[in-house]
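Peer 1: Got a structure for you, questions after.
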2 protein chains.
Amino acid sequence: MSTTSPASDEPTRLANIISTMFAGQAGRSHRLSNGETVQLLVGADAQDDCAVFRMDGSQEIVLGSDYVRGSKFILYELGYLDDYDVGYYLAMANFSDIAAMGAQPIALLSVIRYPKTMPDEQFAQVLRGINDACELVGAPNVGGDIGTAERLILSASAMGVVESGGSLLRSGARPGDRLCVTGPTGIAAAAQKYFTKPHIADGAISAAAEKVLLNSWRRPQALVGQGRCLSTSGLATSCQDSSDGLKAGIESIAARSGVGFIVEEKALPVLDVVREVAELSNIEVTSLILGDSVDFQLIFTVPEEYLEELKKIFEGHGYTFHDIGFATELPDIVLRSSDGATRELPGAAWRHANPDLP
Amino acid sequence: MSTTSPASDEPTRLANIISTMFAGQAGRSHRLSNGETVQLLVGADAQDDCAVFRMDGSQEIVLGSDYVRGSKFILYELGYLDDYDVGYYLAMANFSDIAAMGAQPIALLSVIRYPKTMPDEQFAQVLRGINDACELVGAPNVGGDIGTAERLILSASAMGVVESGGSLLRSGARPGDRLCVTGPTGIAAAAQKYFTKPHIADGAISAAAEKVLLNSWRRPQALVGQGRCLSTSGLATSCQDSSDGLKAGIESIAARSGVGFIVEEKALPVLDVVREVAELSNIEVTSLILGDSVDFQLIFTVPEEYLEELKKIFEGHGYTFHDIGFATELPDIVLRSSDGATRELPGAAWRHANPDLP
């Protein structure tokens, strides 16, 4: 972190950093699968009160907010993440909520409050991280709020658009539906365990494995393409992202849909590095996979008869998913091991045990 | 502030406070003057990743964010505002940006991060304040983010909808246009001066006058109706709210429109209480009126030939506005006194002199 660059006030940062970084946004547009369009009329570069979009047809707009706790972001505090990384994370965490609705992200609004002493270069790094994540999903950062605060505070809202009737809710799962997840979970929690626990030495795992752990925080990916497949196929009955943990996600779909789930332990996707960290930490790997790990996979349900069709659609786009169980009429949610024994899902519940997660 | 009520974790607050307070949102709709509708399909009560709206026609969506600094809110810290008040303020500050675009607010997303020890009752008060402000403008609180932080942090995003082509930007003022403001400014700054300066004793002004000062912070109003008049009339050429101060607002319209302004000193609306506080503080009243006072009036321009027509439209809805000057080709912005002398606009510039304002 350079401290030689100036720490300008808000109007100066608007003029020097924001204006140049966000020039020429107006006119960007998205076309949905039914031909309907949404066009950005007024973006961040206009420095108006709000961003403006023009819609046609009868699209659905989705809107969500997510907060990232800047300096209480533990891996940031420890120096494993830099200012660019937390900006990137803020945007992707917000886009993940849009992806989980099956929507195409069209805009981000960012709230960036910083200590008065934060140098312009550091502030610009936060914005660059946000901006690059926005570019990757094709949704510009159209404005928000900047200004000072006691410490770095990052919050954002994201907006997306879906064909009418296409939003993926948590409430549509039916008994018999297959329960699926787009990829392995537990990586973000393993990263926290590995880099913050003094009894695990740096270097206990390979450099490549360490990179996998760090990248779960440095370069999280909102699974927009996968969400769009789920939505436009019309086959998924429910969906949410795994940012509160796999267990919390499954519980939430169960609660909103009025079903239970049997989760097959052997079907859970698991990375070797997560297994390694579980062993080093003396904890059950399943509790890392299912607990409150802030990954951004999509958890969804699909009627059994459409499972193969959905797999083919995913493969056609270069995506995969894992079939990890099924919905039941009984409201219980259980983990079933290979020998047929069932038990409650292990893993820390959402925020109870770990209130300092973002 | 009661400390006897429990301080629950996030899932519990979601279940006990949020779910009951936000039940039954789905189905609410707005109809625009051209007959187009927007309907809320998925609100906060659905506890999904995002809120969902169904649009028809070719409406414009406007989207903005505003942050309120919770415990650094000076009148809150001093006990003049309670938790309900800051919640109310958060929502109205965000709706004011929507009003300034000429839009009908349709939703708020709130980010509420609180110290772990904050009792449920206090948390519920913040939400009640937000909710009541939302009810007043007819836009539900459709979700957002809650969770813990080191201190109370409040941020929000608001969304609004306008007839296609109806958004009021800052960039449309033309030389000769009249410059107008919906009402007196400087009240919020006068309140800060009066209640935070030890050399001014409480009771130096009447109780009624004190109430006017406090209400500028406790019950700010987003001027949605006035903004809608400006937009649907098609007569206004630019608009923004005065939340950065009247001077900053005028400067911003000037910069975005490529014009200057002559502001007539004697035409500036001023409340007696602002004059009293200026005298008590030994400062020029014009600097309170024009400086960085966080009021929520609308500043707008209208071609001279439509001024009377717009006045009639306003009067038809029970509103008024003040004609305080006009746009010039020369880029200078000056205050003209009754004797014809001109000078720069007095008053603290936006955030330079007062970085601790929200």
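Even glycines carry a Cβ here, placed using N, Cα and C.
Since we're looking at a predicted model, the values are computed, not measured.
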Peer 1: Name the residue, out of A:ASP145, A:ASP177, A:ASP241, that TrEMBL lists for the same Mg(2+) 3 site as A:ASP49, A:ASP97, please.
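Peer 2: For Mg(2+) 3, TrEMBL names A:ASP49, A:ASP97; of A:ASP145, A:ASP177, A:ASP241, the listed one is A:ASP241.
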Peer 1: According to DSSP, does A:SER243 (ATP binding site) fall in a helix, a strand, or coil?
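Peer 2: Reduced to three states, the DSSP call for A:SER243 (ATP binding site) is coil.
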Peer 1: Using a Cβ cut-off under 8 Å and a sequence separation of 6 or more, which residues in the same chain sit near A:ASP145 (Mg(2+) 1 binding site)?
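Peer 2: When sequence neighbours closer than 6 are ignored, A:ASP145 (Mg(2+) 1 binding site) has A:SER110, A:VAL111, A:ILE112, A:ARG113 within Cβ distance under 8 Å.
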Peer 1: If you measure from the CA of A:ASP241 (Mg(2+) 3 binding site) out to 10 Å, which binding-site residues from the list A:ASP49, A:SER65, A:ASP66, A:ASP97, A:GLY144 are inside that radius?
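Peer 2: Within 10 Å Cα-Cα: A:ASP97.
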Peer 1: Looking only at A:ASP241, A:ASP244, the binding-site residues on record, which one has the least crowded Cβ, with the fewest other Cβ atoms within 10 Å?
Peer 2: A:ASP244
Peer 1: Anything within 10 Å of A:ASP49 (Mg(2+) 4 binding site)? Look among the binding-site residues A:SER65, A:ARG170, A:SER243, A:ASP244, comparing CA atoms, and list what you find.
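Peer 2: Hits: none.
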Peer 1: Which binding-site residues (A:ASP49, A:SER243, A:ASP244) come close to chain B, taking a Cβ gap under 8 Å as close?
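Peer 2: Near chain B - Cβ to Cβ under 8 Å - we find A:ASP49.
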Peer 1: So if I draw a 10 Å sphere around the Cβ of A:ASP66 (Mg(2+) 1 binding site), how many other Cβ atoms end up inside it?
Peer 2: 26
Peer 1: Using C-alpha atoms only, work out the spacing between A:SER65 (Mg(2+) 1 binding site) and A:ARG170 (ATP binding site) and round it to an integer in Å.
Peer 2: 17
